[in-house]
Structure formats: C-alpha cells, structure tokens
Amino acid sequence: MHCCCSTSKPYKGQDYWKLRKRLLKEDSLFVDGAFPNDNSSLYYSRAGQGDVIWKRPKDIVADPKFFIDSASADDFSQGSLGDCWFVAACACLVRDKTLWKKVVPDFASQVFSPPTEYAGIFHFKFWRLGTWVDVVIDDYLPTRHGQLIYTHSSSKNEFWSALLEKAYAKLFGSYEALTSGKSRDALVDLTGGIGEGLKMAEFRTVEGRSRLFQMLLEAKANLSLMCASAGSSNASQREAKQANGLVLGHAYSLTDVRKIPLKGSGILAWVNRRTVPMIRLRNPWGRDEWRGAWSDGSPEWEQVSDSDLRQMSLAREEDGEFWMSLEDFCQHFTDIDICHIMQTTLFTLKKTWRERVATGSWSVRQRRAGGCSNHPTVLDNPQFIVEFASDEKEVFISLEQEDRRSLGQGNHCIGVSLRQTDLNRKYRMHDTMAEIHSASFIDARSILSRLPLKKGRYCLIPSTFNPGYEGKFLLRLYSSGSVLIKELTKDMPGPPRCFGRPTKAATAVSVKHLEGLRVPNLQEGIEAYCVIKCEKQALRTATSARSSRPEWKDRVTFYRRSPSDDIVIEAWVKNVIKDDLIGKMTLTQLKATEQSQGDKIWRHQLKRVNTDGKEEHQGYIWVKVKHTTDLMDV
C-alpha cells in the first residue's frame, strides 16, 4: 500500500522549467520528439489523411494569445474529433478557478509574446491514478486549410484550449485515443476528484426524479462537476441531431440545478408560488440546443418574473446553453457523470471528509487476480482491512483502475466486495464470511459505492469480474469519522524466532447470541458483550443492541502455539458504572475439534460461581467454532 502524494512528476521525464530555461538561453523553439508532429500522434489504428498540416499558433494568426481575458466555457468548441466527453468536462472545469489553476499552472508565464519569453513550450497537469503528472508539449497544432481541426476557442487567436487537448492526447498516445469516453473520467483526470456514474433508468418515477434532484442539488452545493449524455445503443445514430435539438450519444456539461419559482396570482401570490425543478446544460459544440419546453424563447418563461430571470442571467441566444425541466431531462437523457470534489480540509464551510488511499494491483503470478464472488478464487485478490471508528450514515468507496486507453485496450469489468472479517484479523482471509456489500461490476474505469456502515472492521476486496485479468488500481475511502485501511499481505504467521514455538493450529470462534438468561430486569432488555480468552489474549466483541436475547456477528481467530489450552468465553452486561458478569463457558480442544465438523452452531451453558462458591447455571450462549491445523483454511 502506498500513499498518494499531491506533488506532480514530469511526464516522460520532461521537466518544463529546465527545458524552457535552456530553450530561452539558446533562443530556440521547442520541438517535442516524445509526441511528434506527424500521423503517429493523430492516429493509432489507421493511416491519416495527407492534408493535415501542423502549425504553431503564430503561423495561424498574427497575434496569438494563450487566453483572452479569462477562461470560460466559450473557450471550448468541439472540432472534428469525437471527444465531446473531454470538451464537456473542460467546460465544467473553467467554472471553478481553483481547480482550473491546478490543470493550467503558471498560466501567466505561458505566453506567445514577448519573444524573449516565448519558447514554443507549454505544460498542463493531469491526475493519473493518484499522482499529478506534468505534461509538456510544443505548440504545433494540427490544421486543415489553415484552420484548427480539433478543439478551438470561439476567439480565433486564443489557443489554450487547443493546447490543453493536445497535452491530454499526448497522455493517451494520440488524438484518436480520445475518441469516445466518459466525462467522469476526464473530470477525474482534471481534478483528482472521484467519479460516479448514474443511469437515468433508475430515476424515471416521480419518487426517483425527486431523489435524483436532491442528489444533484447536494452535488452542486459541494462544488461537484457534472455532465450528462443522451446515449444511443445504435452506433449509426451517435452524434445524430434529433428534432428536439438534442444530439444522441453526445456529452453535455451540466452547469446548474435549481428550483425556479413561477409567478403567483392573487393577494397571496408570493406565498403560493409553485416551483419547477430545472437543469441547465451546455452543448460543447457551442450550438444546437434543446427545442422543447423551457428552451430559449419558449412561452414557459412567461411564467417567471423579470427579477427571477435577471437572477438566472438567462441568455436567449444560440450559445449552446439551455434549460430543461427535470421531467424532460430524465426522459431524454440516459446518463449522468458526477465528479465529487471531496473536501478533506477543515478550512471550509462545506462538509469535510476523512480520506484514506491505497494502491494495489491484480497479478496472476502473485495469485492476486481471482475474479468476483461468483468464482471460488475470489479470495485470491488483494485484500484490505478497513476499520471505522463510528457508525457512518454514508461512506464513499471509490475503485479506479489504470486507464488502458493508451494501450488501445478497453477497461476491465471491475467491482468491490465488502465482507465481515475477524475482530483481530492480521493475515489474509482464506474462508469467506458474510458479504455486506457488492458493487455492480461494470465496464468502467472507476466505480463508486455509497453505503451506510456500522462501526467495526471489514475486509474490502477489489477485483475484476473474471479471474486472470491484471492491472493497477487505486482505492479511496471517504467517511465522516476516523477510518483506517491496511492491505493484508501475509497468508499466515511466519516461522518462530530462536527457541520460539511454531504456530500449530488456528481456531475461529463466532459468538452468535445469548438466551435463557438469569439476570435482573431482563424483560427490559440488556446491552451485553463477550470477552474471548485464548493463550494470553483477550478480545472483546462489540456491545449488542438492547435486547433480552443479545446477538452478534463477531468472529475472532486465534493462531495457536498451544492448541491444548482452553478457550474461555465470558458474557457481560454493560452498565453505566460497573459491568456485571453473566457467566462463562470453556471450550476445550476436544470440543473445538468435534464442533468444527460441519457448519453447525452449538449451544453451551453459561455458568457463574456464586458467593457460596457454587456454580450456577446462568443461561446459554450459542457459538460457532472452526478448529484446524491447516493455517490456510481460515
């Protein structure tokens, strides 16, 4: 496991500042041999057309600028490349200047003039699997008939968006590699946030739409970036404009979410005003807008007061940005991509999260590529112990795999399994315990699970759907309270030190429940816990919920040097001042061996010695035992 640092590293070893300093000293312009100005940088699967000419901005216009005034969504108009997913993500990025400055560093020094500061070299930063990488490029751009053929700004002499796209293409090996993708992947690459994909089919009911709108409002409040797409299963219809103005298979920036108040009537007009949940979107083409209800100039806007219209800064022009009602949005769009910007600093008014990060890899040679829970080899995957210090209303678990786009390959189908594990688990699990959560396995670069979790320890298993697939991955966990994550790397205890005794056996003990107890006020319920003692170790279960029949799902596993020693289990009542012993039972090696046969739960008497020195029956405890001399069996 490795921590992911926030510092950036030069991509392909190209240090921007060293290169720029040398170029200025030599009075020469940068030519990037790592991303040459030829067809190999344009395509990976086919030969290119011969009419593409690479030109520097100074050879395209007389007065090139890196950017004019300030960065805006108008700086991104999609060209002939099918990378609307990236362009839509960039249009979202420019709305947050703090995030934008991470991607476009030192923008004041990235200039075309004066000549003493221009060296034909530029750089941008992208987030890749936990690390920011600094990508250096020259400023040669592909043109046809003197015009940029890919992303360009609405201002003819502004070039930062085209250069950003080139740096992103270099990261993946070619411009063609940017054809088709998920906006959430681009948003993650541009921000270091965590990506989440939502399927609109899950929100088509009235209740579902309300739940979705609340999710989008929360995402907006937390400064998350969002895109949406109107997908099509028919490849021939992709990028096809419909009569309603929307383009199938096309990604749009989701730029606002709000309830718009309608004009009221009568004396109580301001009290009785209805609101309409609305979504604002932007087409990265900079044109072709929605033509239905609430589109620019539609009669529905007459229901909104002039003051509310001014507050919304409504532009009634063909600029690619438009509003839709939530109902229409859910009907016509198929997918939403969200990039959550998780606030981990205390110096913010937004909700703050505790973050834990781990990296790993699936490897056949190391027996760490076992596939999902459908396969008997599921435990032959990387395993991580995750421990939460308190109950959590919502935990975010993000799994991201290494992007395979630069290899010309698709994503693995990935998911996570969260399982119960021993209270004292130190070594890899070799038998399966109850599965708490299983994320749906999908063909995506990243997946996100949101779920409530009780305080305690779990085993988190990231995997591919089928066994035998290899690759690197990144795990990120976010919680309100303290959380720890540690990879389990060893299968069992190692050999003893000098004159030490070897580990001979392992005994797993699961405490299930108590019944028939003889304790005061049992009818009102008690809070109870158990202490399990073995070979100088004493482990305590969680405290049960108040009940006349306390129960647990806890298990402990002892790796034993003296298997003949007894295991003692004590049951206690949890009180405010002083806890009371209910009783205890003893598990001998013989009993442990006998009761390990089959998958049974056994009942044992709880006994306690009274003040007269006599043993009294105090009720029963149900226990499941697994005793084995094969340390790879638990």
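Indices start at 1 and increase along the chain as displayed.
Placed from the backbone N, Cα and C atoms, the Cβ positions cover glycine too.
Annotation source TrEMBL lists domain 'Calpain catalytic' at 29-342.
What TrEMBL records for C84 (among others) is active site. Secondary structure at C84 (active site), as computed by DSSP, is helix.
The annotation active site is assigned in TrEMBL to H250 (among others).
Counted within 10 Å of its Cβ, the other Cβ atoms near N283 (active site) come to 26, all protein chains included. Marked as active site by TrEMBL: N283 (among others).
Look at TrEMBL and you will find 487-603 tagged as domain 'C2'.
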Secondary structure of N283 (active site) (DSSP, helix/strand/coil): coil
DSSP residue counts for the domain 'C2' (487-603), split into helix, strand and coil: 10 helix, 50 strand, 57 coil
Rounded Cα-Cα span from C84 (active site) to H250 (active site), Å: 7
Set of same-chain residues at least 6 away whose C-beta sits under 8 angstroms from C84 (active site): Q78, H250, A251, P284, W285
